[in-house]
Amino acid sequence: MKAFLVALLISIELALVFAGCPTIISKNRWGGQQARKVEPTTKPLKYVIINHTSGPSCVDEIDCSRMLVYIQNRHMNHLNYNDIGCNFIIGGDGQIYEGAGWQAAASHTPGWNKKSLLIGFIGDYEINRPSLKQLEAGKQLIECAVERGEIEQDYKLVGARTIRQTNSPGKYLFRELQSWKGFTRDP
């Protein structure tokens, strides 16, 4: 009985600690495959990297799920990644979708995968502006990661273009990131 009460109290405390975390649509729900292999990371991570998919956006869960299945297939079958390349992906609908998740290193930039959390935004933000819903979801996800101990309190936030040759996350999203907590051009 005592062990049950202790477990119950711990569960309640964890629920309160993570109460600020947004809803994350599971990989299973959007139709994703399981990872071929999980490369673990050492927590807390120092970096949060933001990229974009540089393709069309999506407007609802059905549309975003279809795009994620396509992206995951491309990443796993053509780029030989273990999973979809991002830890989490934010759709044009403002919802957060599980990618590789909290426990696995993403597949995006050699030398950075095991020390960063990669958040992707579905869409092309070189030509389009991200929605306010997407931007808020990104900020909430980062706050959640801090609360969970997944990233350091004094994390560094970078656009993918800061660490490799790419236009990602697009000029409009990159411009927005510059006002976010932790943003740096010099990781």
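Using N, Cα and C of the backbone, Cβ positions are placed for all residues, glycine too.
Since the structure is predicted, the reported quantities are computational estimates derived from the model, not experimental observations.
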Selected from Cys64, Cys86: Swiss-Prot disulphide partner of Cys58: Cys64
Cysteine of Cys21, Cys86 paired with Cys144 via disulfide, per Swiss-Prot: Cys21
Candidates Cys21, Asn51, Cys58, Cys64: member of the recorded positions with the richest Cβ shell (10 Å): Asn51
Residues in the domain 'N-acetylmuramoyl-L-alanine amidase' (43-170) grouped by DSSP into helix, strand and remaining coil: 40 helix, 30 strand, 58 coil
Proximal residue to Cys58 (disulfide bond) among recorded positions Cys21, Asn51, Cys144 (C-alpha distance): Asn51
Closest of Cys21, Cys64, Cys144 to Asn51 (N-linked glycosylation site), Cα positions, disulfide-bonded residues only: Cys64
